[in-house]
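Below is one structure, written out as structure tokens; the observations come after it.
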Amino acid sequence: MIKVKFAVIGNPISHSLSPLMHHANFQSLNLENTYEAINVPVNQFQDIKKIISEKSIDGFNVTIPHKERIIPYLDDINEQAKSVGAVNTVLVKDGKWIGYNTDGIGYVNGLKQIYEGIEDAYILILGAGGASKGIANELYKIVRPTLTVANRTMSRFNNWSLNINKINLSHAESHLDEFDIIINTTPAGMNGNTDSVISLNRLASHTLVSDIVYNPYKTPILIEAEQRGNPIYNGLDMFVHQGAESFKIWTNLEPDIKAMKNIVIQKLKGEL
């Protein structure tokens, strides 16, 4: 059996759970593939082609802070990644690098499994960065009501082509009770960041509050929503499903999503 080599590049990268998750999948499928975390500082990124080539990598994930920086090094980029302006998955095929973005489809695939009737949901997305755009692009394909995206600065919407409602955060705060799902894509609530992105005072009791962060397991917005009695949903499924979609792109095989999710949960529980 040919051993296929995969990786994730970023900086910092030592705390990435991607190698653990992908190896659980390889083991479940009896594959002898490998997956390693490669730390690539910004000042060494110009050598990325050499770094990947020397390690004979067949496909790799791209994480912070390189999701936009990788684009000029690609030979081709699919429409979804081009629209988002960020790449998190690269397929190395016949010496060519092809870029994809699986963050949006990863999040939506997970959300569909826990939210019945998503097609008719009124959805508010907080933040207008790459993650927001990727999720909005995927939701736009399946949700009938017009999506609403809120951001602190309206200039972030200048390169958005989707037909959506674009509002500022204060407007969003005063209309929170109109939404069935609220998705936070801003960095507020990540480890060490206790900023609150928005006031939940007008939150309706049925609204699902979600955050794309999975570490910490519950961000401040999720803790507050849960204390109010609202259902909450973190970014764990997004992390698992984006990895699963990357694996499909690299191998054309179906991943063992359950094995991938279980190992990440076990690891997080050990760290909490």
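Even glycines carry a Cβ here, placed using N, Cα and C.
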For the shikimate site that Swiss-Prot assigns to SER16, LEU17, SER18, THR63, ASN88, TYR214, which of the candidates ASP47, ASP103, ASP120 is also assigned? ASP103
Around the recorded shikimate site (SER16, LEU17, SER18, THR63, ASN88, ASP103, TYR214), other residues with Cβ within 8 Å of the Cβ centre, ordered by sequence, are VAL8, ASN61, PHE239, GLN242, GLY243
Between GLU79 (NADP(+) binding site) and TYR214 (shikimate binding site): CA-CA distance (Å): 27
Round to the nearest Å and give the CA-to-CA distance linking SER18 (shikimate binding site) with LYS67 (active site, proton acceptor). 16
Residue among binding-site residues SER16, THR63, SER155 with least C-beta crowding, 10 angstrom cut-off: SER155
